[in-house]
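S.K.: Here it is: the structure, laid out below.
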Amino acid sequence: MLGKSNVWGGPLEINVDPLRWGPGLDRAAYEAPSDEVKQLWVRRPDMVEDSKSTSYCNKNSISTLVAIVTILAIVLLIVKLKPLHHHPSSPTLDNYTLALPKALLFFSAQKSGKLPANNNVSWRGDSCLKNEQVGGYYDGGDSTKYNFPAAFSITMLSWSVLEYSHKYESALELDHVKHTIQWGTDYLLKTFTSSANSTTTIASQLPAANTTKCWIRPEEIQFPRSALHCTTCPALAAETAAALAAASIVFHDDTAYSKKLIHGADVIFKFATQGLGDKYSGVADPPSAFYNSSGFWDEFLWGGTWMYLATGNSSYLKLITSPELAQKVGSKPHSVLSWDNKLPGAALLLSRLRMFLDYGYPYEQALKKYQNQMDDIVCSYLPDSKKFNRTKGGLIMLNHGNPRPLQYVVNAAFSAKLYSDYIGAMYMPGITCGGKFYGAEALEDFARTQVDYILGKNPKQMSYVVGFGERYPEEVDHMGASIRSEEGKKYGCGGWKWRDSKKPNPNVIVGAMVGGPDKLDGFNDLRSNYNYTEPTLAGNSGLVAALVALSHNATSNGIDPNTIFYSVPLPWHCFSCKKH
């Protein structure tokens, strides 16, 4: 639950194409595709049948007879050689597709409040019905709710749907992930006066009452619990706006709900940026025992970008491309997308705007800067880079050997694969890192090796996703999973005997990605050591995003080019582009 972003390095310059762009205008190292190519982005390729045929005119009956005899001979030979019993093989699903529904199921195990009938986690029941805000998700192994990482998790899930909805649909998980998102957004709307035109406060977290003295199932918490509120918390508010805005695009076909989400996003983003101007200094979010934001400017950039994508309002575009905000955000080229650092995510989204819609002046300079940063970020993940160490087993140490590395790894894997898909969609050859050229496949290879490590290709030969593979953690640090659930049986604070037991959890929390190994590829499967064995919402949301990005699809392995642009007006000069 704790974590800080570590960032180093400087900007990466990209070559100019003076023939296309003219003197003095720097562009990324790619040639924009033609209008015909752009139109291909929005059309689903139809199955094309090669109908070439050649007609023959037989000159005499002898040649006709010879042809008939030849055909009969071939048919007889085929029948003779054909096996007597032929069973068509079913398509083999890759590990990413197999792990995806499990990773999503983790969110069902984290639900708080009145559970739906189809929750599909037999050992979970209704819980904490007397909370100030009922619903939402528990953050990790206890019954706490932290709205900052929870909102980030919903943003990540929504982003993955907007890019890869066809893959979710092929895996029969689209409805599942959309339900998961809506359970989170319904709760976020309760944390402030989302139906009004303004708000003066937002709930930040629901602390776990007495859980430091009590190891207890959330189903047994029958007493009221009050949330902590704040009147000045720009990072939390901007992240909440990002979650609601991103989800509004996911649910664009449900007009009423989408409008409800957009309205709430607008209210809370105004609350986040109240008084924003050239001299705005702001006040940091109130300190918390966990999940303290190290700053809020990256959330302004991230939240503002999602607000623009959700509304198409040019005022947001002006905000996120303003030199003032860029200066405040700063340059963090070797950083990692996480619940506390949104710059890499915002840079990737802004690169998408530049690559696909080509805004030009007056936005080009800012968009170019963020794409340069994105290039530098993914370059730092590649094996030739010295920015981050790797374990002997190949896991990149994005948090520099500190505990719980996997939550950072999955976000980096998703970012790298997504950027490689952007490059592929634009027919770009690749990127240049320190003078060396890398094809888009290098970014995908990085993503695959890291997720493969998590799924079991590691020195421990152990999957770090519970329920996936033959061997996985059994003593997950999770109250609900560790205490036997028997109808009518209550343990209260007597649950400590379960926490301290050396036996596997009586309830398997399928799909939970634990904190992960240490810098020596070591892993202690101990319930009492949360650094190794506790799962979190933020970690699993990144896992889901990486899995769906890497999964294979029978019809397409790339992105959905236009869904995310549903509400964005095309630039004036992009008259031949189509979005919907």
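Every residue, even glycine, has its Cβ placed from backbone N, Cα and C.
Please treat TrEMBL annotations as automatic predictions, because they have not gone through curation.
Found this in TrEMBL, in case it helps:
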type	residues	note
ACT_SITE	Asp525	active site
ACT_SITE	Glu534	active site
DOMAIN	96-547	domain 'Glycoside hydrolase family 9'
TRANSMEM	61-79	transmembrane segment
S.K.: Using C-alpha atoms only, work out the spacing between Glu534 (active site) and Asp525 (active site) and round it to an integer in Å.
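M.R.: On Cα coordinates alone, these residues lie 10 Å apart.
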S.K.: Could you please provide the mean pLDDT value for the domain 'Glycoside hydrolase family 9' (96-547)?
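M.R.: Within the domain 'Glycoside hydrolase family 9' (96-547), the model's average pLDDT equals 94.
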S.K.: I'd like the number of other C-beta atoms within 10 A of the C-beta of Asp525 (active site), please.
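M.R.: Taking every protein chain into account, the count is 17.
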S.K.: Relative to the Cβ position of Glu534 (active site), how many further Cβ atoms are located within 10 Å?
M.R.: 22
